[in-house]
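Below is a structure I'd like to ask you about.
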Amino acid sequence: MGFSGFGKKARTFDLDAMFEQTRRTAVERSRKILEAREREKEDQAEKEFRCLQPDSPASASSAIGAESTLTPRDAACSESEDSSDEELTGPSVQSQTSARGQNEDTDDDDDEEFIGPPLPPGFKDSDDDHDDDDIQEEDNNPVKKIPDSHEITLQHGTKTVSALGLDPSGARLVTGGYDYDVKFWDFAGMDASLQAFRSLQPCECHQIKSLQYSSTGDVILVVSGNSQAKVLDRDGFPVMECIKGDQYIVDMTNTKGHTAMLNSGCWHPKVKEEFLTCSNDGTVRTWDVNNEKKHKGVFKPRSVQGKRVIPTTCTYSRDGKLIAAGCQDGSIQIWDKNMSVHTKFHCRQAHAPGTDTSCLTFSYDGTALASRGGDDTLKIWDIRQFKKPLNSAERLSSFFPMTDCCFSPDDKILVTGTSVKKGGGCGKLFFFDRETFQKLYEIDVTNASVVRCLWHPKLNQIMVGTGNGLAKVYYDPIKSQRGAKLCVVKTKRKERQAETLTQDYIITPHALPMFREPRQRSTRKQLEKDRLDPLKSHKPEPPVAGPGRGGRVGTHGGTLSSYIVKNIALDKTDDSNPREAILRHAKEAEENPYWVAPAYAKTQPKTVFAEVEQEEDETDKPEWKKRKI
């Protein structure tokens, strides 16, 4: 609760004015003390004078005579005393001090409720007047309560940000998307570069549907496209994974878990170990973190004919006593948490049949329920009269099965986002008055769809997830607390340059010469010597490109693969007659024998070569003698 619950507002003080007031008070008290002492002396002198005066007329005449016999100096002194007494006019000093004391008492009574020393005279607290005026203006105009003066953009990826989660204290933000990634953002640890401190894929190749911190903020519920929800701790390490049910059992009550793709999930607002999931198997199940082998409870939504219907979204009421689910047949069904058989409230035609109700959320006072439908509508319901919506807004396009809505912290504004096609404009964030459902305000977020929105009550900041991989945070430096304000004021950290690895040199002055390492010399002098050496400073010739130049044959490439490809492309087939190729050198070998012929001149018989026969024309042969191809 803090100090805000005592009804008193902290005051600001001017120290200089306080010191001046203290000095004046001290001077005033000193003057009063001196005046009181002088009055006492005067009263005592007057009493002594009255005692000395006789009552007889003779004494009076003698006094007159004595007065007549006064010296001129004494007469002048007596005249000065009389004139000084005549100058004192108006009320007495005692009456003035008493009146001043009464005024101070009344002032003290008026300022009894303020803590600290009294304020200087004429001091006027103008801040209080301005604050009161601002509060009255904000009460009259709810648009001024929307924190949208500043924004920061967090780059999650390139695909849709389909899940947002913020812990109760507002210190960490977690985002998930269609790229299977879950990223963790720490506002207190980030600088102006706005980089996530951790990224992971907890569900492998499944899109992230929902992310939410528990009521204590120590664990995170991850709902993805598979049939098993996961629970992670604050740093992303797994805590538990729900069991998968038997898909061959017809009655879903008898299975231990979900058997089809999950659609949504949320934590219990009061019990930190319990959470809720809904799936395409037609069930809504409650789970306990400490028991991952089986669900805690099963709720089965039914259509008008009593058939199974798929729930697309689910949520708890603010007190955790009710469980609500939006179904594909357009109905909204609400159960008592302790009675899973029959619904406590239901509305069959809440939204158009065949559309996915993408979000259900209860108001903070627990009496109203807002629903975001796949039929491009936003409706608000009173659960005490659940047959007909209180208000409805239409033409709010929604292309995603997780487009959500939320209430403002003061429960007076309802927020939702709209979807747009690629190149079809900007996705917007709309703000509606809860009572009249009049559109109060809109924000052009980006040139993509607005999928997720979250208005945190402690930070008073709005988080938005978009269809192009961005997560935006809207805040106001005055109205908002912490959150994005912590990281925007920090400068970017300088990147550390790669450290060069140098060989360590160990100095051993008393080692033997054979074990002593050579002393390191300056590399600059050695480089200068190498530059003068023609061999070391010779620049290698670059590979020849093109047909060739300078006596060097050009190559098509310097790699082995290019050489092989070039040789494969060459045509090396020889169509000449091998007999003719050999006999081409017969005449030269006979006239000028050198190697073989002299050694076999006496023993080698005369070579006889077959004469070339002319090919017979096969056209004259009978049909059965012709060569068959």
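All positions are counted from 1 along the displayed chain.
In case you wondered, yes, glycine gets a Cβ from its N, Cα and C as well.
Annotations in TrEMBL come from automatic prediction, not curation.
Values in this document were obtained by computation on a predicted structure and should not be read as measured data.
According to TrEMBL, the feature compositional bias 'Basic and acidic residues' maps to 23-50, 516-541. Annotation source TrEMBL lists compositional bias 'Acidic residues' at 79-88, 104-114, 126-140. Annotated compositional bias 'Polar residues' per TrEMBL: 91-101, in sequence order. Residues annotated as compositional bias 'Gly residues' in TrEMBL: 547-557. If you look up TrEMBL, you'll see 23-149, 516-557, 610-629 marked as region 'Disordered'. Look at TrEMBL and you will find 154-186, 255-297, 316-336, 360-384 tagged as repeat 'WD'.
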For the repeat 'WD' (255-297), what's the mean pLDDT in this predicted model?
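Summarising the repeat 'WD' (255-297) by its mean pLDDT gives 92.
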What residues elsewhere in the chain lie close to the repeat 'WD' (255-297), defined as a C-beta under 8 angstroms and at least 6 residues from its ends?
209-210, 212-216, 218-219, 221, 223-229, 231, 239-247, 249, 308-320, 323, 325, 337, 340, 401-402
Under an 8 Å Cβ to Cβ limit, what residues of the same chain, 6 or more beyond the ends of the repeat 'WD' (316-336), are close to it?
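The answer is 266-271, 276, 278, 284, 286, 299, 301, 303-304, 309-310, 342-360, 362-366, 369, 371, 373, 375, 381, 383, 386.
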Within the repeat 'WD' (316-336), count helix residues (DSSP H, G, I), strand residues (E, B) and coil residues, in that order.
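Helix, strand, coil within the repeat 'WD' (316-336): 0 helix, 12 strand, 9 coil.
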